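Asks: Right, I'll just put the structure down here and ask away after.
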Amino acid sequence: MTQSTPIIEVSNLNKTYQKQTVLEDISFAVSSGSVLAIIGPNGAGKSTLVKILLGLETPTHGTVLIDGQKPQVARERIGYVPQRFTFDRTVPITVHEFLMLAACEEKEHTRTSMVDRALQEVGLPNIADHQLGALSGGQFQRVMIARAILHHKDILILDEPATGIDVAAEKTIYDFIRKLNEERGVTVLLISHELDIVFSFATQVICLNKRLVCHGVPKQVITKDVLQEMYGHLAGAYHHHCDK
Amino acid sequence: MFDFLALPFMQRALLAGIITAVLVGWVGVYVVSRRMSFIGEGIANASLTGVALALLAGWAPLPVAILVSLLTAAAIFIIERRTVIASDAAVGILCTSGLALGVILLRFFQGYQPELVSFLFGNILSIKISDLVVTEVFGVIVFLLLAFFTRQLTFMTIDPEGGYLHGLSRWGYDLLLYSVTAVTVVLSIKLLGVILVSALLVIPSSISKLFSSSFRSFRRNGILLSVVIVVFGLFLSYWLNLPSGATIVLFGATLFALASAAHLFIRNQ
């Protein structure tokens with residue numbers, strides 16, 4: 001796959017819930033192998049857009065194609081790290097067992113080595129026997145990333161992956177995601193409120209506020225006017241990131 | 001002391017009890033993990049309609065009760081997913097409606113019904129050979145379904161979104177779990193009774209949850225505890241000449257109280 005081939009195509013996407021418009025006329029394409037950041041204020045429709053890309057929600061109008069297929073068909077090609085994982089922490093399940101649920105097709109010893117390798121890659125080599133419910137927020141988030149990369153995925157969608165992670169672990173995570181993108185050609189979609197990360201990490205950005213406010217290279221399209229349109233009177237907090 | 005084990009009715013009760021205990025212990029792990037304990041109560045109550053229908057028509061009650069419980073489980077499933085009604089409300093509405101319909105149907109039946117009383121409160125004497133055959137056949141089917149789809153059912157219990165993204169059907173495995181829960185509950189009714197059956201769905205797995213460090217041990221201990229509670233509960237009910245369902249449930253509840261106290265003690269050490 002080349003850099004210019006669109007792996008995700010969104011056309012005229014609309015989503016309404018009980019007459020409330022959540023997404024309005026969204027169109028964009030994501031090139032294979034690129035890193036796309038999605039930014040926008042709370043309630044801008046970012047999570048709804050991700051759910052539609054994953055096939056968990058259906059659009060009211062418009063189409064979404066993942067490499068020419070509907071998301072429901074292509075869903076196994078996507079690794080996903082949610083912002084919050086609604087899990088009953090009192091249920092006794094080990095990290096190893098949790099990851100083994102996702103590593104389904106191969107033989108037992110292959111699955112175990114897949115799990116060990118994934119934990120190694122996210123910097124948690126010794127927690128396979130720990131209970132999932134006893135992990136810290138940061139460890140939990142890295143286990144979710146480990147699960148997302150157990151199998152080779154063409155697309156990785158991360159919904160604020162650094163939530164609850166300390167600075168050192170955050171760097172490890174982003175370095176690892178960058179490596180996945182550069183070495184394995186994984187297309188990355190990243191929802192983030194941190195413009196530093198967006199500028200340093202993303203090749204493309206879409207600014208969302210129910211409709212598409214901007215789309216392009218971050219340094220070119222994220223301007224004070226765009227931030228003003230998205231965040232209103234709170235935009236000042238982000239202005240130091242913009243030259244224009 | 002164990003002479004009663006030679007009695008045919010006790011042998012039937014023990015065999016049916018062990019089969020249903022394995023299933024109830026296994027299904028209970030998913031029920032407790034999903035916090036849907038009320039479903040057992042709802043399905044058991046609704047199955048009374050099936051029992052009443054069968055008694056009126058002169059059919060075998062257990063297969064009809066299984067059919068009604070499967071329809072109830074499917075209705076709960078559809079209401080949960082297709083409307084804004086929450087799971088507990090859906091169970092509450094269908095459970096009471098099923099019970100009410102059962103009571104109305106039984107109004108048309110003249111005279112005392114020992115079969116009905118055994119369904120309401122459980123009775124080891126009432127387990128006939130035909131009931132044992134039904135229990136064995138459906139028990140094997142449910143056991144095989146649970147064994148074959150363990151990973152999928154566990155995945156959709158722990159992380160339904162993750163399971164879907166790894167290729168599992170979003171609704172199929174939930175419907176399967178509701179169905180096997182419905183059949184398991186009905187198979188246990190003769191032993192425990194409509195009113196008490198849901199207790200065995202939650203007590204063994206709740207005790208197991210206190211002391212398990214992995215999902216595998218949670219499931220294994222839940223099944224073992226369920227068998228222990230049913231077998232010793234049956235022995236106690238015979239020795240003390242008490243109703244089987246109530247004795248099994250009270251024995252299980254006592255074990256739960258002791259286990260909870262021990263767990264608190266260990267945690268505070």
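Here the Cβ of each residue, glycine as well, is placed from N, Cα and C on the backbone.
Remember, TrEMBL labels are computer predictions, not curated facts.
Per TrEMBL, the features are:
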{"type": "TRANSMEM", "residues": "B:12-32", "note": "transmembrane segment"}
{"type": "TRANSMEM", "residues": "B:53-79", "note": "transmembrane segment"}
{"type": "TRANSMEM", "residues": "B:85-109", "note": "transmembrane segment"}
{"type": "TRANSMEM", "residues": "B:129-149", "note": "transmembrane segment"}
{"type": "TRANSMEM", "residues": "B:175-203", "note": "transmembrane segment"}
{"type": "TRANSMEM", "residues": "B:223-240", "note": "transmembrane segment"}
{"type": "TRANSMEM", "residues": "B:246-266", "note": "transmembrane segment"}
Asks: Counting only residues 6+ away from its ends, which parts of the chain sit with a Cβ under 8 Å from the transmembrane segment (B:53-79)?
Replies: 39, 42-44, 46-47, 85, 87, 90-91, 93-94, 98, 105-106, 108-109, 113, 115-116, 119, 130-131, 134-135, 138, 171, 174-175, 178-179, 181-183, 185-187, 189-190
Asks: In the same chain, who gets a Cβ under 8 Å from the transmembrane segment (B:12-32) while lying at least 6 residues past its ends?
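Replies: That would be 5, 39-40, 124, 127-129, 131-132, 135-136, 139, 142-143, 146, 153-154, 157, 177, 180-181, 184-185, 187-188, 190-191, 200-206, 208-209, 218-219, 222-227, 229-231, 234, 244.
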Asks: Return yes if the transmembrane segment (B:175-203) and the transmembrane segment (B:246-266) have at least 3 CB pairs under 8 Å (sequence gap of 6 or more), otherwise no.
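Replies: Checked: the transmembrane segment (B:175-203) vs the transmembrane segment (B:246-266), in contact.
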Asks: Report, as numbers and ranges, which residues of the same chain sit near the transmembrane segment (B:223-240): CB under 8 Å and 6 or more residues beyond its ends.
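Replies: Sequence-distant neighbours of the transmembrane segment (B:223-240): 4, 10, 13-14, 17-18, 20-22, 24-26, 28, 124, 191, 200, 203-205, 207-208, 246-252, 255.
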